[in-house]
Amino acid sequence: ALTCPLSCGTCTHSCKDAEESCSTWAQDGQCEGNAAYMFKTCPISCGICTPTCKDRKFQCQAWAKDNACNENPEFMSRECPVTCEVCKKACKDLNTDCPGWTGGGECFTNPTFMYRTCPFSCGVCDGSMCVDKNQTQCHVWADANECELNPLAVMKDCPETCGVCTTSCMDHDEGCKGWAFAKLCAEEPAFMFRVCPASCGICTELDRKDEL
């Protein structure tokens, strides 16, 4: 289900945890111990899907310069997730039909649309991370409108500059679930909230804030 959430029926609803206890259950190892239930009920906490996120306070940059991300991680990770690098730019499909479109060859016949809408399925990025291969050259190409004129080549080399990336909340290390199970979210919040926001329940909190 982690590899094929759409085909496995995990994505029958939007990317939201359905129960307030999801992050606690996930930290207790239930994503592995009770996978069928957890993947459908707690997709964010189990890392099945990644909600987008944004800073919620205009003061975020100033607070970060005063080291607030490290000194007050619980508040800052929720109010300033982008500035504090809880959320990072990722290669994320924006439509549930992306796998089907990809199978029909749309990545090659309609690359300008597909690379921005279905970057993960089209293999635009190296894995899920969205990083330009050469930032200086990418800015030159973007200024010359090459993202639109030559998308097959330029978007793959310059996904960030060409607007392929989505700022998403997800774990950034394979060890996150184990560290969360060991209660490090409470013991080392400054590190854990930045590196393991999904496993520590931060992504779920950001998703709830988006509903307000």
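The backbone N, Cα and C atoms fix where each Cβ goes, and this holds for glycine too.
Annotated in TrEMBL:
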DOMAIN    11-49  domain 'ShKT'
DOMAIN    53-87  domain 'ShKT'
DOMAIN    91-125  domain 'ShKT'
DOMAIN    130-165  domain 'ShKT'
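Proximity of distant same-chain residues to the domain 'ShKT' (130-165), defined by a Cβ-Cβ separation under 8 Å and at least 6 residues beyond the stretch ends, is recorded for 89-91, 108, 111-112, 115-116, 119, 124. In the domain 'ShKT' (130-165), the DSSP tally of helix, strand and coil residues is 20 helix, 0 strand, 16 coil. This prediction places the mean pLDDT of the domain 'ShKT' (11-49) at 82.
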